[in-house]
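Novice: What Swiss-Prot shows for this protein is this:
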type     : residues : note
ACT_SITE : Asp76    : active site, proton acceptor
SITE     : Arg15    : site 'Important for substrate specificity'
SITE     : Thr77    : site 'Important for substrate specificity'
SITE     : Gln159   : site 'Important for substrate specificity'
Amino acid sequence: MTSRRKLILASQSPRRRELLAMTGIPFETASVEIDETFDPALTVEKNVMAISKQKAEAVMWTLPQDAGEAIVLGSDTTVVLDGAALGKPGDADHAFEMLSALQGRSHEVLTGFCILHDGKAITDYARTIVEIGAMTPGEITRYIEVMKPFDKAGSYGIQDPLLACFVTGIDGCYYNVVGLPVSKVYAALKPLFPLDANR
């Protein structure tokens, strides 16, 4: 039976809401603040999956006993340059520093996700290589002033209009860079929300 199953996205990110909606699976949103500091003893891949699980668990623990068969999805995205993870910028100067380092070369974007259901956790991640062309200091400053990318890992949103002129290559899932590897997440959720065979 799937009628009582309810999918909950452990995020208030408008980008992740839009991406999860692409799966066609109805869902609600909820989020709880957690410490998203990376564990230096873990790889970046394990960190994004671990934080995704922590986000999902934090929401799962807040659900009432009569919440039905809840399925909670948590996700975490980071940008990796030369093996170092770049989180969200603290201010405009930090954002400028990040974008100055990213411009004119390629970097990795990793998104981990965790699906909690019936006491079990499904965790995975996706990796995308993004190449950003050369940007002048003025172009970087304008982007920061207009788009205010302070809630984005690496200080940029690949979907932002002012960045489109500088994205010179993508190897992997585009949606992963936006914040959720839609195809991988859908493949993991599909067995939990099977469609009628005649649809």
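Cβ atoms here come from the backbone N, Cα and C positions, even for glycine.
Looking at the shown structure, can you explain where the listed features end up?
Specialist: Just so you know, the Cβ of Asp76 (active site, proton acceptor) picks up 26 other Cβ atoms within 10 Å once every protein chain is counted.
Within its own chain, Arg15 (site 'Important for substrate specificity') has Gly157, Gln159, Val178, Gly179, Leu180 as residues 6 or more apart in sequence whose C-beta sits under 8 angstroms from its own.
Counting only residues at least six positions away in the same chain, the Cβ atoms of Val48, Val109, Leu110, Thr111, Gly112, Ala153, Asn176, Val177, Gly179 sit under 8 Å from the Cβ of Thr77 (site 'Important for substrate specificity').
The Cβ neighbour count for Gln159 (site 'Important for substrate specificity'), using a 10 Å radius over every protein chain in view, is 15.
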Novice: According to DSSP, which of helix, strand or coil covers Thr77 (site 'Important for substrate specificity')?
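Specialist: The residue in question, Thr77 (site 'Important for substrate specificity'), is strand (DSSP, three-state).
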Novice: Provide the three-state secondary structure of Arg15 (site 'Important for substrate specificity') computed with DSSP.
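Specialist: Arg15 (site 'Important for substrate specificity') sits in a helix per DSSP.
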